[in-house]
Amino acid sequence: MKILVINCGSSSLKYQLINPETEEVFAKGLCERIGIDGSKLEYEVVAKDFEKKLETPMPSHKEALELVISHLTDKEIGVIASVDEVDAIGHRVVHGGEEFAQSVLINDAVLKAIEANNDLAPLHNPANLMGIRTCMELMPGKKNVAVFDTAFHQTMKPEAFMYPLPYEDYKELKVRKYGFHGTSHLYVSGIMREIMGNPEHSKIIVCHLGNGASITAVKDGKSVDTSMGLTPLQGLMMGTRCGDIDPAAVLFVKNKRGLTDAQMDDRMNKKSGILGLFGKSSDCRDLENAVVEGDERAILAESVSMHRLRSYIGAYAAIMGGVDAICFTGGIGENSSMTREKALEGLEFLGVELDKEINSVRKKGNVKLSKDSSKVLIYKIPTNEELVIARDTFRLAK
């Protein structure tokens, strides 16, 4: 069984060829700068530890996918004889709106429904659709499955997802909290439940911390609240995104500085967060080095970020009536021992006891970070969104 997993951005295409039953990754890679000068392909055959990087023009996603297929089927460095060996194709789709609470086989009606949500994710959904249509064109007859970032959070109740705006804004404009990183939160909370012995009842907080960051309360295997909202701008302070701020501050800054809507949107999404407060970089590693060196703005940025993360952990423990486990995932969550330690400072009242010695050692895989005496399990769990997409595609396409 071979599933091709596609994650299409506006100028990028990530791919993996996976066996969802054995979890074996045959090949993976990335096409970037599609439609821009300096287009690049990265191709890796995992079992052979073979990597290739190629700079070649890719005017569109069609040329990018053709290049991927030619490498996958190459006689010398390929992993399949032809695309006939690809059983189905799974696509990451960022926004499923209220229409999709789970992954679906793609047909014309599904394509139209995804397109109808373009307003909710103007940077992502059109690119996702482009990837789907390109696969349909180049590999006709293959089953395609859409796996939505928002689907896992469709179990939230109205008290968690409604905004206290006039009700017609929800009914007519679909303005509400949707949440993102759902595939990651689903996977990590599922692994945590397995570690716990798959109990009937569980209260898990998952912290997906990367350049984009979100936190989710997962009760009995279902998302009951999450930090991101209508868009990925709400919630935690991130690399370049502001997260939660007073909406009136947006209008105040916009008017005082004479900014257009697009400029204000750019300011909140690309110039805020760690970059905005620290001023030198949006990279967590640069921030941590500057904190160690005593940079005052770095210390400020880190303390604001950790204060907000701790606030969410406490709030979600309150919403669920306690917490059994706290999990860290994502590039920062998995690799930054400082972030994990600072995030849990002051949470001893919840029964949280971090083993700082184990936390400071870099280990791969699922790692227990809590002391044996801790009432709350603390784990570092690498996410695997591609595997979730492959499994759902296999389940729906077989």
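Just so you know, glycine gets a Cβ as well, placed from its N, Cα and C.
Summarising the annotation, Swiss-Prot assigns active site, proton donor/acceptor to ASP149 and lists sequence analysis as the type of evidence. Summarising the annotation, Swiss-Prot assigns Mg(2+) binding site to ASN7, GLU385. Positions annotated as ATP binding site by Swiss-Prot: LYS14, HIS208, LEU209, GLY210, ASN211, GLY212, ASP283, CYS284, ARG285, GLY331, ILE332, GLY333, GLU334, ASN335. Marked as substrate binding site by Swiss-Prot on the basis of sequence analysis: ARG92. According to Swiss-Prot, the feature site 'Transition state stabilizer' maps to HIS181, ARG241.
Feature map: Swiss-Prot annotations on the structure.
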residue	record	Cβ neighbours (10 Å)
ASN7	Mg(2+) binding site	22
LYS14	ATP binding site	18
ARG92	substrate binding site	22
HIS181	site 'Transition state stabilizer'	28
LEU209	ATP binding site	26
ARG241	site 'Transition state stabilizer'	26
ASP283	ATP binding site	16
ILE332	ATP binding site	25
GLU334	ATP binding site	20
GLU385	Mg(2+) binding site	22
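Here the C-alpha separation of HIS181 (site 'Transition state stabilizer') and GLU334 (ATP binding site) works out to 15 Å.
Rounded to a whole value, the Cα-Cα separation of LYS14 (ATP binding site) and the residue listed as 'substrate binding site' is 10 Å. Looking at ASP149, ASN211, ARG285, the recorded positions in this record, the fewest other C-beta atoms within 10 angstroms of the C-beta turn up around ARG285. Rounded to a whole value, the Cα-Cα separation of ARG92 (substrate binding site) and ASN7 (Mg(2+) binding site) is 5 Å. The two recorded residues, ASN211 (ATP binding site) and ASN7 (Mg(2+) binding site), show a Cα separation of 17 Å. In terms of Cα spacing, the recorded positions ASN7, ASP149, ARG241, GLU385 all stay beyond 10 Å of LEU209 (ATP binding site). GLU385 (Mg(2+) binding site) falls within a helical segment according to DSSP. DSSP gives ILE332 (ATP binding site) a helix state. Between ARG241 (site 'Transition state stabilizer') and ASP283 (ATP binding site), the C-alpha separation comes to 12 Å.
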